[in-house]
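Undergrad: What Swiss-Prot shows for this protein is this:
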type     : residues       : note
BINDING  : HIS122, TYR126 : heme binding site
COMPBIAS : 138-149        : compositional bias 'Basic and acidic residues'
COMPBIAS : 153-165        : compositional bias 'Low complexity'
REGION   : 138-165        : region 'Disordered'
TOPO_DOM : 1-7            : topological domain 'Cytoplasmic'
TOPO_DOM : 29-165         : topological domain 'Periplasmic'
TRANSMEM : 8-28           : transmembrane segment
Amino acid sequence: MTRKQRRLMMIGGAGVVLVVAVGLVLNAMRGSIVFFSTPKMVHEQNIEAGKRFRLGGVVEPGSLTRGDQLAVAFKVSDGDATVPVAFKGILPDLFREGQGVIAEGALDTAGVFKADTVLAKHDETYMPKDVADALKKQGHWKDDYEKKPPGPGAAASADAMRPAR
(Lines of atoms letter the chains of each structure in order from A and count residues from 1; the text may use other names and numbers.)
(Lines give C-alpha, C1' and ligand atoms only; values in the text may rest on other atoms or scores of the structure.)
Protein backbone atom coordinates (compact mmCIF):
# COMPACT_ATOMS: atom_id res chain seq x y z
CA MET A 1 0.00 0.00 0.00
CA THR A 2 1.24 3.41 -0.88
CA ARG A 3 1.18 6.33 1.47
CA LYS A 4 -1.74 7.92 -0.36
CA GLN A 5 -3.82 4.71 -0.13
CA ARG A 6 -3.14 4.43 3.62
CA ARG A 7 -4.19 8.03 4.14
CA LEU A 8 -7.43 7.45 2.19
CA MET A 9 -8.12 4.29 4.24
CA MET A 10 -7.63 6.25 7.48
CA ILE A 11 -9.94 9.04 6.32
CA GLY A 12 -12.56 6.52 5.18
CA GLY A 13 -12.33 4.61 8.48
CA ALA A 14 -12.68 7.81 10.48
CA GLY A 15 -15.72 8.76 8.39
CA VAL A 16 -17.39 5.40 9.08
CA VAL A 17 -16.69 5.72 12.81
CA LEU A 18 -18.13 9.25 12.79
CA VAL A 19 -21.31 8.15 10.98
CA VAL A 20 -21.81 5.25 13.41
CA ALA A 21 -21.27 7.55 16.42
CA VAL A 22 -23.77 10.13 15.13
CA GLY A 23 -26.29 7.35 14.44
CA LEU A 24 -25.93 5.96 17.97
CA VAL A 25 -26.34 9.41 19.56
CA LEU A 26 -29.44 10.20 17.49
CA ASN A 27 -30.93 6.79 18.31
CA ALA A 28 -30.33 7.34 22.04
CA MET A 29 -31.91 10.81 21.93
CA ARG A 30 -34.94 9.76 19.90
CA GLY A 31 -37.28 9.60 22.90
CA SER A 32 -36.09 12.77 24.60
CA ILE A 33 -35.98 15.29 21.78
CA VAL A 34 -39.51 16.58 22.51
CA PHE A 35 -39.39 19.10 25.38
CA PHE A 36 -42.87 18.15 26.58
CA SER A 37 -45.90 16.10 25.58
CA THR A 38 -49.30 17.71 25.12
CA PRO A 39 -52.44 16.14 26.63
CA LYS A 40 -53.46 14.96 23.14
CA MET A 41 -50.08 13.23 22.70
CA VAL A 42 -50.45 11.59 26.13
CA HIS A 43 -53.84 10.12 25.15
CA GLU A 44 -52.62 9.02 21.70
CA GLN A 45 -49.40 7.41 22.95
CA ASN A 46 -51.02 5.56 25.86
CA ILE A 47 -48.07 6.32 28.13
CA GLU A 48 -47.69 3.65 30.78
CA ALA A 49 -48.16 4.46 34.47
CA GLY A 50 -44.95 5.38 36.28
CA LYS A 51 -43.02 6.53 33.19
CA ARG A 52 -41.60 10.03 33.76
CA PHE A 53 -42.19 12.76 31.19
CA ARG A 54 -43.05 16.44 30.87
CA LEU A 55 -46.65 17.51 30.32
CA GLY A 56 -47.27 20.90 28.73
CA GLY A 57 -50.37 22.90 27.98
CA VAL A 58 -52.68 25.51 29.46
CA VAL A 59 -54.19 25.36 32.96
CA GLU A 60 -57.89 24.94 32.26
CA PRO A 61 -59.88 27.86 33.73
CA GLY A 62 -62.01 26.82 36.71
CA SER A 63 -60.10 23.58 37.27
CA LEU A 64 -57.73 24.69 40.05
CA THR A 65 -58.59 23.29 43.49
CA ARG A 66 -56.48 23.63 46.61
CA GLY A 67 -56.39 20.85 49.17
CA ASP A 68 -54.73 20.38 52.54
CA GLN A 69 -51.28 21.84 53.09
CA LEU A 70 -49.66 22.52 49.70
CA ALA A 71 -51.73 20.05 47.65
CA VAL A 72 -53.31 21.39 44.47
CA ALA A 73 -55.15 19.79 41.58
CA PHE A 74 -55.81 21.26 38.16
CA LYS A 75 -56.34 20.20 34.57
CA VAL A 76 -53.91 20.79 31.73
CA SER A 77 -55.47 21.17 28.30
CA ASP A 78 -54.26 21.73 24.75
CA GLY A 79 -57.68 22.40 23.25
CA ASP A 80 -58.12 18.81 22.07
CA ALA A 81 -57.58 16.80 25.26
CA THR A 82 -57.27 17.32 29.01
CA VAL A 83 -55.12 15.60 31.66
CA PRO A 84 -55.82 15.95 35.40
CA VAL A 85 -52.74 16.93 37.43
CA ALA A 86 -52.04 16.55 41.16
CA PHE A 87 -49.16 18.47 42.73
CA LYS A 88 -47.95 18.97 46.27
CA GLY A 89 -45.60 21.89 46.68
CA ILE A 90 -45.22 25.60 46.13
CA LEU A 91 -46.55 26.79 42.79
CA PRO A 92 -44.55 29.36 40.80
CA ASP A 93 -45.58 33.03 41.05
CA LEU A 94 -46.62 33.10 37.38
CA PHE A 95 -48.94 30.07 37.77
CA ARG A 96 -52.54 31.02 36.88
CA GLU A 97 -55.59 29.50 35.28
CA GLY A 98 -55.51 30.07 31.54
CA GLN A 99 -51.70 30.34 31.62
CA GLY A 100 -49.16 27.99 30.01
CA VAL A 101 -47.57 25.38 32.25
CA ILE A 102 -45.08 22.52 32.06
CA ALA A 103 -45.26 19.82 34.73
CA GLU A 104 -42.72 17.03 35.30
CA GLY A 105 -43.82 13.72 36.75
CA ALA A 106 -45.64 10.51 35.85
CA LEU A 107 -49.15 9.18 35.33
CA ASP A 108 -50.64 7.00 38.05
CA THR A 109 -52.87 3.99 37.35
CA ALA A 110 -56.00 6.19 37.50
CA GLY A 111 -54.68 8.45 34.71
CA VAL A 112 -53.86 11.39 37.00
CA PHE A 113 -50.53 13.06 36.30
CA LYS A 114 -48.61 13.21 39.60
CA ALA A 115 -46.29 16.18 39.17
CA ASP A 116 -43.23 16.73 41.31
CA THR A 117 -42.24 19.95 39.50
CA VAL A 118 -44.46 22.65 37.97
CA LEU A 119 -43.04 25.39 35.74
CA ALA A 120 -45.16 28.35 34.65
CA LYS A 121 -44.62 29.56 31.11
CA HIS A 122 -44.77 33.24 30.27
CA ASP A 123 -45.14 35.16 27.05
CA GLU A 124 -42.32 37.01 25.32
CA THR A 125 -43.34 40.33 26.91
CA TYR A 126 -42.57 39.15 30.45
CA MET A 127 -39.76 40.98 32.18
CA PRO A 128 -38.79 40.35 35.81
CA LYS A 129 -39.35 43.37 38.06
CA ASP A 130 -35.65 43.51 39.00
CA VAL A 131 -34.62 43.72 35.34
CA ALA A 132 -37.24 46.40 34.60
CA ASP A 133 -36.10 48.44 37.61
CA ALA A 134 -32.45 48.14 36.56
CA LEU A 135 -33.27 49.28 33.01
CA LYS A 136 -35.22 52.27 34.35
CA LYS A 137 -32.38 53.18 36.73
CA GLN A 138 -29.78 53.02 33.93
CA GLY A 139 -31.95 55.07 31.58
CA HIS A 140 -32.39 52.27 29.03
CA TRP A 141 -36.12 51.77 29.67
CA LYS A 142 -38.50 52.30 26.74
CA ASP A 143 -42.20 52.87 27.29
CA ASP A 144 -43.10 50.25 24.69
CA TYR A 145 -41.62 47.49 26.93
CA GLU A 146 -44.90 47.52 28.87
CA LYS A 147 -47.12 47.38 25.78
CA LYS A 148 -48.60 44.08 24.72
CA PRO A 149 -47.84 42.88 21.19
CA PRO A 150 -50.79 42.61 18.79
CA GLY A 151 -52.90 39.50 19.31
CA PRO A 152 -52.98 36.57 16.90
CA GLY A 153 -55.94 38.07 15.01
CA ALA A 154 -54.34 41.47 14.51
CA ALA A 155 -52.26 42.25 11.47
CA ALA A 156 -48.81 43.29 12.63
CA SER A 157 -46.80 45.21 10.10
CA ALA A 158 -43.08 45.81 10.30
CA ASP A 159 -43.79 49.46 11.22
CA ALA A 160 -45.99 48.42 14.16
CA MET A 161 -43.19 46.28 15.59
CA ARG A 162 -40.53 49.00 15.20
CA PRO A 163 -39.73 50.94 18.42
CA ALA A 164 -41.17 54.45 18.65
CA ARG A 165 -38.73 57.33 18.25
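A Cβ is built for glycine as well, from the same backbone N, Cα and C atoms used for every other residue.
Each of these features: where is it, how hidden is it, and who are its neighbours?
TA: Around HIS122 (heme binding site), the same-chain residues six or more apart in sequence whose CB sits under 8 Å from its CB are LEU94, GLN99, GLY100, listed in sequence order.
Same-chain neighbours of the transmembrane segment (8-28): 1, counting only residues six or more beyond its ends whose CB sits under 8 Å from a CB of the stretch.
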Undergrad: Which residue counts does DSSP yield for the topological domain 'Cytoplasmic' (1-7) in the helix, strand and coil classes, in that order?
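TA: Output for the topological domain 'Cytoplasmic' (1-7) reads 5 helix, 0 strand, 2 coil.
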Undergrad: Find the average pLDDT over the topological domain 'Cytoplasmic' (1-7) in the predicted model and report it.
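TA: Residues in the topological domain 'Cytoplasmic' (1-7) carry a mean pLDDT of 90 in this prediction.
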